[in-house]
Amino acid sequence: MKFDKYEYLQDLMRRRGFAWGSFEIYGGARGFYDYGPLGATIKRKIEKKIREAFIREGFFEIETPDITPEQVFIASGHVEKFVDPLVECKKCGARFRADHLIEETLGIDVEGKSAEEMTKIIREHNIRCPECGGELSDVWYFNLMFETYIGPYKDKKAYLRPETAQGIFVNFKRLNAFARNKLPFGVFQIGKAYRNEISPRQGMIRLREFTQAEVEIFFNPNETEHPHFDEVKDEVLRLYPIEHQLKDLGMIELTAEEAVKKGYVMNTFFAYYMVMIKRILLDIGIPEDKIRFRQQLPEERAHYSADTWDAEIYSERFGWVECVGLAYRTDYDLSRHMKMSGADLTVMIHYDKPKIVKKLNVTLNMKKVGPKLKEKVKEINEKLKSMSQEELRKLVEELNANGKVIIEGHELEKEDLIIKEVEEKIQGEKIVPHVLEPSFGIDRPFYLLLENSLTVDEDGRVYLKIKKDMAPIEVAVLPLVAKEPLTTIAYEIYRNLQKEGFIVVYDEKDSIGKRYMRYDEIGTPYCVTVDNQTPEDGTVTIRDRDTREQIRVKIEEVPRKLKELIFG
């Protein structure tokens, strides 16, 4: 019988304290998972690796609320566009995600199709309810954000955040001041996000509450060469670009430098952070041959993205699973928040030398329009002052073409306006920064780290070959038998290792063979065994989880040796 890694891992996670479905005693709730003692430890280690990598890049961390006022998500586009297609059974009332139902029934990809198009496909192929066989409704869109209210008033609508990013964008003015108005700079946040998935399945792969680590890198769109790209240019990336997906050409492997030169990746700024993502996943313990970058098709991309590459990890059960997104969000978010809030979210870019530029200057001809516009003059003047150079150029073009324009509801002719082209010396310009966003999920890499670590030896031993510094229990101290003086010596070693900062357990129950199996199964890289030789010469054995080989070490050298073995 073939070993079912998924089923074994699900059992292992529940049985040994890694993770399990939430609210078990009340029948559970799909899309929610609890982390047990071992799982929570690994999850924290993943977060620590990501946090340390971000800090090494010079990014700084903030923390913002999970509950966010509705205005923020109106501005960000989530109220309008953060939706999935939904369909309901007219007979039993069961609801399903329409695109998934069509794909599972017909094997066709309907990503990007409208609700009307999906309804037509359902009707043409007579797709029925998977639960009861009943007729399905027309497809409509369901917003994935959890809705709530701030305080006792229904007019203070809010949402649980679907991403941590907006908390960074709305704080841009303060963050830019903290960064001393100097681009580029990065800000990250690690925290919970919430998406009210229609039908979450696949265990920990699709959750309604999950943890993200997102960094927003603010940069000048005219400066897209990363200053440290030379340090990473030779790193090999496995890519699956759009062209290769459409033509079924498979993946390609090439260096970061080649990826930019051949046009697969837009610039060295983008490529640099692809390498950063890959290195973080390797540091967590994901095997290199299980990592690839897939470029999202245009219809897959989020409403804010101009280009997105997903770092995917391979799963025996689920295939390639998206775990990290690298999205070019352009100036979408900051521009939207500027418009909605009225706040100035620009950055002043100072030139090395002053520039002479030609500018359009459009004002009202007061002699001509003053008598007829009267109190409206101020309003129209303010509108003209607020217009960008591009808007003024369009206004003049329209005036030349039609002989008139409408401003603030008032029709104005050529003679009503004074149009001049003036030269101006400028020291710099205000820009809305663009954003590149590496966005890590934590829960999916957690599960896929366990799946890719689960190993079966030739003799049938099942153990977790997790990267040693990612193990939830780093050391087990075991007396060979539960007798003095072995137990006292073992316990003293255990206490000393605790003080040295190891995650360590003491265990004297069952035979030594059973205990080795117990700790192999949860990935403990080393067992320190106090045996009958220990009282005679002050040495113990350190057993390696993967090879099962043992070395003898003096008790006083155990902490140093374990640090060397586990952390390098």
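Just so you know, glycine gets a Cβ as well, placed from its N, Cα and C.
Sequence annotations record features per position, and here Swiss-Prot assigns substrate binding site to R97, E163, F210, T211, Q212, A213, E214, E437, P438, S439, F440, G441. Annotation for R97 (substrate binding site): spatial neighbours D84, P85, L86, V87, I198, S199, criterion Cβ-Cβ under 8 Å with sequence separation of six or more. Following the DSSP three-state reduction, the secondary structure of R97 (substrate binding site) is strand.
Look at F210 (substrate binding site): DSSP puts it in a strand. The feature ATP binding site is assigned by Swiss-Prot to 195-197, 205-210, 322-323, 441-444.
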Counting Cβ atoms within 10 Å across all protein chains shown, which of the binding-site residues E197, E214 comes out on top?
E214
Given the binding-site residues Q212, E214, F440, find the one whose Cα is closest in space to the Cα of E197 (ATP binding site).
Q212
Which of the listed binding-site residues (R208, F440) has the least company, meaning the fewest other Cβ atoms within 10 Å of its Cβ?
R208
Listing them in sequence order, which of the binding-site residues R195, R206, I442 have their Cα within 10 Å of that of Q212 (substrate binding site)?
I442
Cβ neighbours within 10 Å, counted over all protein chains: which one of the binding-site residues R195, Q212, C323 has the most?
C323
Quick one: of the binding-site residues E214, P438, F440, which has its CA closest to the CA of C323 (ATP binding site)?
F440
